[in-house]
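Annotated in TrEMBL:
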- 41-66: transmembrane segment (TRANSMEM)
- 173-195: transmembrane segment (TRANSMEM)
- 215-232: transmembrane segment (TRANSMEM)
- 238-258: transmembrane segment (TRANSMEM)
- 270-291: transmembrane segment (TRANSMEM)
- 297-323: transmembrane segment (TRANSMEM)
- 344-362: transmembrane segment (TRANSMEM)
- 418-441: transmembrane segment (TRANSMEM)
- 462-481: transmembrane segment (TRANSMEM)
- 487-509: transmembrane segment (TRANSMEM)
- 521-540: transmembrane segment (TRANSMEM)
Amino acid sequence: MISIRQRKGIQTTEVSEDYVAQEENVKLENKLPSSCTNRRLWTILSFTVGGTVALCTGLLTSVYLATLHENDLWFSNIKEVEREISFRTECGLYYSYYKQMLQAPTLMQGFHGLIYDNKTESMRTINLLQRMNIYQEVFLSILYRVLPIQKYIEPVYFYIYTLFGLQAMYVTALYITSWLLSGTWLSGLLAAFWYVTNRIDTTRVEFTIPLRENWALPFFAIQIAAITYFLRPNLQPLSQRLTLLAIFISTFLFSLTWQFNQFMMLMQALVLFILDSLDMLPAVKVTWLYGIQLTGLFLVCILQFFNSMILGSLLISFNLSVLIARKLQKNLKTGSFLNRLGKLLLHLFVVLCLTLFLNNIIKKILNLKSDEHIFKFLKAKFGFGATRDFDANLYLCEEAFGLLPFNTFERLSDTLLFYAYIFVLSITVIAALAVAFRNLSDSTNQQSMYKMGEYRIGLKPETAYNLIHTILFGFLALSTMRMKYLWTSHMCVFASFGLCSPEIWELLLKLIHLYNPKRICIMRYSIPILILLYLCYKFWPGMMDELSELREFYDPDTVELMNWINSKTPRKAVFAGSMQLLAGVKLCTGRTLTNHPHYEDNSLRERTKAVYQIYAKRAPEEVHALLRSFGTDYVILEDSICYERRHRRGCRLRDLLDIANGHMMDGPGKNDPDLKLAGHPRFCEEIKRNLPPYTAYFTRVFQNKTFHVYKLSRNK
C-alpha cells in the first residue's frame, strides 16, 4: 500500500431610474485617486495593476501547489519507479501513454502504437485515441521531443509542471470572471485567496496530477470567463467575435481533455435554456452558445475517430431539441403571464420528449452501451429501485460518488466563504425571481428589471448566467461529492463578486433604507479588504507550516512487486488483477493487461467483472478458465481487497461480487432471502493454502506483505 512518512535526513439590463445614482457611484470612485483626475488614465492604471495581480496570483498558486507536491513525496529524490507508482490508479494509465510516445523510435510509430494498441487490453486491439481522452499526453510528448529541452528537464517534470502551469491559468480565469462581474479586481483577488485557503475542497491536483479533470477544468474556467464577457450588452462587433473565438477554443479543449465533458456541458446548456425561457438572456447569444457546444463536441468526435459515446450523448440530443422546439414555437415570448407560463411548460415538455426520442434513436442506430452504467448508477442513487448490478454498485459504494459530506460546509465556513456565498446567493435569487416574474408578466418590457415599491431591481445577463450556473452545479456537487470541485471554485468567484458588486450593495441598502452612493463604495471595498486581512491572519501561519513539513513517498511492497515483474517475467506476459494496480503495472513495466481503470466501455466492464472473480467464491478451475480466456499468464492478488475493511459490509468488493453472483455475504448481518450459500470458499483466501485443486492451476511465484502473484498453468 502507498503511504507517506516523515522524511529521513444585447439585452440591456441596467437602464433604470436608478441609473443616475449608479453614475454617481462611478464618479465618486473615479475621484478616489487624488493624483489622477483623468478617468481614462485611471482605467488603464487599474487594468494594469489588476492584470499584474491576476498573473502573480496565478503563478504563486501554481508554485504553492507544486511545492506541496514536492514536499509530500520528496519527488525530486525518489527513484523513477517510485515516481511512477505515485501516479495512482487511472492517473498512472494516462501517464503511461505519454511515456509510451516518448519511448517510440519515431512519432509515427508512437501514433501507430496508440491507434493499434494491443497491450492495454489483452487479446484485443483498440484505438486509444478513440477510447480515451489522451490527446494532451500526445501533444506534450511531441513538444518534449521537438523542443530543445531534453538536457534541462526530465520528461516527468515537463509533464507535471505543465499541469501546475494550467493551475495558474485556472486561478487567473477565476480571478478575471469575478473581476468582470463586479467591476473591480479586488473581487478577483478575494476569489483567488478563497480558492487557495479552501484548497482541500477546490482542487486535488497535487496528488492526482494526470487526472483528466485537472487538464479540463482550467479550460472550463476560461470558457466561463469568456461567456461572462460575451453576455455583456452592447459589445463592439470585433470584441464579440474575439470572445466567441475564445469560447469556442476553450469549449473544444475542455471537451477534448475530459470524458465527462458532455455531462458538464449539459448542465451548462440547461443554464442557457432556463435563462432563455425566462427572457433573461438575448436569444441570439444563446443560439451562438448552443452552436459552439455542438460544433466543439462534433470536432472532438472527429478527432476521437467518431466516438459513439459522444454521438449518443444527451447534450447533442438536448441542444438539437431546443433549437428545433424554438423553431416550432415562434411566439413563445408573447402574451399574458398565464399564457406565457402555459407556453413555457409546453416548451419544456416538447424539449424533454424530443431529447429522449432523439437520444434513444441515436443509441439504437449506434448500438451504444458505453454509458449505460452511468444511468444505472443514477437510477439506483436517486432511489428508483435497488440494483444488484455490479458496475452500478461499484460506483454507489465509492465515497467520491456519494453525497457531499457535511464537514465540507464546516471547512468552507471557517474561511467565511460559505457565509458570503449564501449572503450573495440569497440576494441574487430574490432579484432573479423578481425579474423573471416581471419578464413573464409583461412581454413588451425587454429589460430585465422589476419595480419593488419605489425601487427597480435589475439583473445583468452575465450575473444571471453565473447565478443559475452556481445553483445547478451546486445541486450536482451536493449529490455527487466528486463533482464538488466544479462548484467550490465557482463559489469563490460568486461570493467574491457579490461582496464587491455595487448592484448587490445598492439593492440591499435601498431595501433597508440606508442607500447612499458613498456608503456603497465603502461597503464594496472595506468588507473584502477585511476578509482578506482575516484570511491572511488566520491561514498564513498554517500555510507556512504546511510548506515546511517534509514527507517522503514510501511504498516498498509495490516497488518490490514492480521490480520483480520487470526482472522476472517476459515482456509479453499478460497480467490480471485490480484495475487500480494494473494501471501501475502498465506504467512501470509495460506489460500487457487484462483490464484497467478507464471504465467507459461495456466489454471492458464485463471483462473486469470476470477478472474480479478472483475475489469471489468460485472454484479454481472456473477462475482459471476465466483468466485464461483473456490470455492471462500471471494474476496478482491483494490482501487489501481480499480482507478489505475500508468499506462497510455490503460495499466491500467481495460483497458486491457475492451479491452479483447470487451468493450470501460473509460476516454477521442480513442477506436478501433469495441469496444462497456458495458452493466454494473464497478464491483469494483458499488459494493461499496451496491445496491440490489450486496448485494444479496456479503456482505462487512472488509474495510479500501486500501482494501474492500466481502463474497460471497453460495445459489445463
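Our numbering is plain: 1 for the first residue shown, then up by one each step along the chain.
Using N, Cα and C of the backbone, Cβ positions are placed for all residues, glycine too.
Nonlocal intrachain contacts for the transmembrane segment (297-323), taken as residues 6+ away from its ends with a CB within less than 8 angstroms of a stretch CB, comprise 127, 129-131, 133, 135, 252, 255-256, 259, 261-263, 265-266, 269-270, 273, 287, 290, 350-351, 354-356, 358-359, 362-363, 366, 368, 370-371, 600. When Cβ distances are compared across the two stretches, the transmembrane segment (487-509) makes contact with the transmembrane segment (418-441), since 3 or more pairs at least 6 residues apart fall below 8 angstroms. Tertiary proximity for the transmembrane segment (215-232) is limited to same-chain residues at least six positions away from its ends with a CB under 8 Å from its CB atoms, namely 136, 163, 166-167, 169-170, 173-174, 176-177, 180-181, 240, 243-244, 246-247, 250-251, 253-254, 257-258, 261, 264, 281-282, 285, 289, 460-462, 465-466, 469, 485-486, 489-490.
In summary, the transmembrane segment (418-441) does not lie against the transmembrane segment (173-195): fewer than three C-beta pairs, each 6 or more positions apart in sequence, are under 8 Å. Counting only same-chain residues 6+ beyond the ends of the transmembrane segment (344-362), those with a CB under 8 A from a CB of the stretch are 273, 277, 311-312, 314, 316-318, 320-322, 324-325, 328-329, 332, 368, 440.
Outside the transmembrane segment (270-291), and at least 6 residues removed from its termini, the chain residues within Cβ reach (under 8 Å) are 10-11, 227, 230-231, 233, 244, 247, 318-319, 322-323, 326, 332-333, 344, 347-348, 351, 432, 435-436, 439-440, 443, 446, 448, 459, 461, 464-465, 468-469, 472.
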